Amino acid sequence: MWFFYAVALPLVVVLIVAGLLVMPAKQFVSVGVRVDVGLAWFAALSTLILVPTDITNALQGRKPELLSIWWRVAYWYGFVAQFTVLPFHQEFSDSGAFSWTDRVVSSLRNNLMFYAVLAGAGAVGLIVLLVSGELKPSYVIGFCIATSNAVGLLGGLFLLGYGLIAIPKQLWFTASVKSEERALHHRAGLQHTKAVAARQELAKTLALVEKVSGTFSRRDPMRRYMDQITAMASASGEDVRAGGDVQEDVDYFDKTDLGGLRRRLRRAIEDKQREQKLYLEIVARYLQVSDILANEGRWGTPFVSTTHAELPAALAHAEWWWKCVLRAWVFRAAAVVTGVLSLAVTVAEVTVSPGLPNLSVFAYALHAMPSHEASSELLAFAFLAYPCLCTYYALYKLGRFSFYLLVPGHTGSFSLLANAGFTCRFAAPLAFNFIAALALPQKTGLTPDISATVFYDEFGALMMQQPLLGANFTTYSPIALLPYMALLLWVGAFNRLAGIFVRGGASVWEDDYETRSPAAAQGMRLMRLEVENHAAGRAAASPAPRQGVAAEARDRLARALGRNSEAAEDAAGTRALPSKGFLSGADCGGAAGDGVDECTRLVTGRASGRKGDLESIFARLEAQPEDRLVGSGARRGRDERETTSSGLSFESDTERDEPPVGGLGAWFRRTR
């Protein structure tokens, strides 16, 4: 077991510690959550890294007692935690209640349906065992193992099938910088929508908190709970006035109501910070891609980067060769290698039945070196890594729309615990499936097989004896992998199927950038803005204090007019405005109502005038009530203005002549 102790176990410990340091949102994730997540990750990953050691000992005819102890501890902790500790702690940490007792009650109430389903499944199992005359303690444990394995195996095959095709495909498309640029356009458009929606929801929630806070006097018994909520709102750093007038009823009277408000505020803050982080990651990667495209035609010259400091000449030349030449070939070679591995895994899975010939290249490779312990363990570890990578990559992609998305520094307690639960749920079925189908299948003339492993002695033998979920289910369910991959992935039907699980029927997988989607067009405009902001050094600018909306509109128009010498003369009143527009109506995006319409008509050339026209418009803007001077971004007929977080807007239905100054990434970086 030298590989387990010297390589695999330290590697797992380092990965878990790094994950617990990097992933959690420090503001909301407690030490208890980190401990629970760390133990669950350790149990799940230990289950997987025990497989190479178990296979090597089976090939050499050994069954160490210490290996049996490791299997029992890792398997049973993961089994129990995924059904008890993790679900309970998820709801406990997600509750907005102010006392431990209330949070425990809330967690039990929210998990009631989950535990009812588990109880129903257990009752069905007892009835089946009672009818078959095999109601013994060992068979009850075997039924629990078989049921957990069946659920995990079905979900694991569902995810594995996607990953086996998606990873080679993703590597091949990423080799092309132009393809990656199109993908980033699509992702930026989608993420912009999510980020703006998250910011608006946070602003709305903050305004609601301020309104509710005004209903509690200083002597009110609920005031101390309200103060905790307002302290959380103040720590968010957002402007309460951005939420505008709240139309919701202020029906918050007791601790339960305030607990719900506290939970809503925490979720809004987490969502806004997470979506902001994801958008900034897209912007950072797009700037790197833009640098590669700008340097591709400069043969024999150093790589010129706008994202990092200038490197020495030798390193700059090496960077050019890697990013502009070698990178594409390395990614294509990786795509070919992973494609071959995907084909080998698929063939081994669909021929797992004992009546079919052994077509697993993994089994042949492992049986060819039974006496070389180190080589066997390393080879088994490498073979196991790819199916696990495919499965958890698909789980990560599925989580792009869900609550268990891991974002470094911005992952909440609920997401961490949910991810830990899924990791435990798929670890043991993946381990058993790998041993039974790929490494040591039960084939005629092929010995040893899975029955020679410690895992089989501890869990597999009990599981295989079950009447419904035993040997037949484990043998024949992987056969469905081939038609599933062909029909649901190759023909592009997976998005429609997975859309069933998304609220509103939206697509789950964000890789349809090959189509001309509105998100891609919007993302292209946004990324062009971000590149211009980066080049002009505007990304790190400090935000100006919030002004009145009319004054803000005046400043925007003045800045926009200053971009054009003729427009500057117009602003000074020395020339008449041209008959053709030189600005878009977005430069008046800080106002609403009739005033912004007149401002828009003026700057787009649908009206003409001199300095006095501008002054009269601004006077009318100043005279309007404040509640009419908020929120560019409302629908005004076909002219739907989508507001970037810098306060400007762009027209989503038509192309602009000039992009607006600012951008979502610039605003995010300025307000950090």
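Backbone N, Cα and C define each Cβ position, glycine as well.
TrEMBL: automatically predicted annotations, no manual curation.
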* Asked: Pick from 69-88, 329-348: which stretch is listed in TrEMBL under transmembrane segment?
  -> 329-348
* Asked: Have the transmembrane segment (35-53) and the transmembrane segment (139-165) got at least three CB pairs under 8 Å, pairs 6 or more apart in sequence?
  -> no
* Which sequence positions outside the transmembrane segment (112-133), separated from its termini by at least 6 residues, show Cβ-Cβ distances below 8 Å to it? -> 83, 87, 139-140, 143-144, 147, 467-468
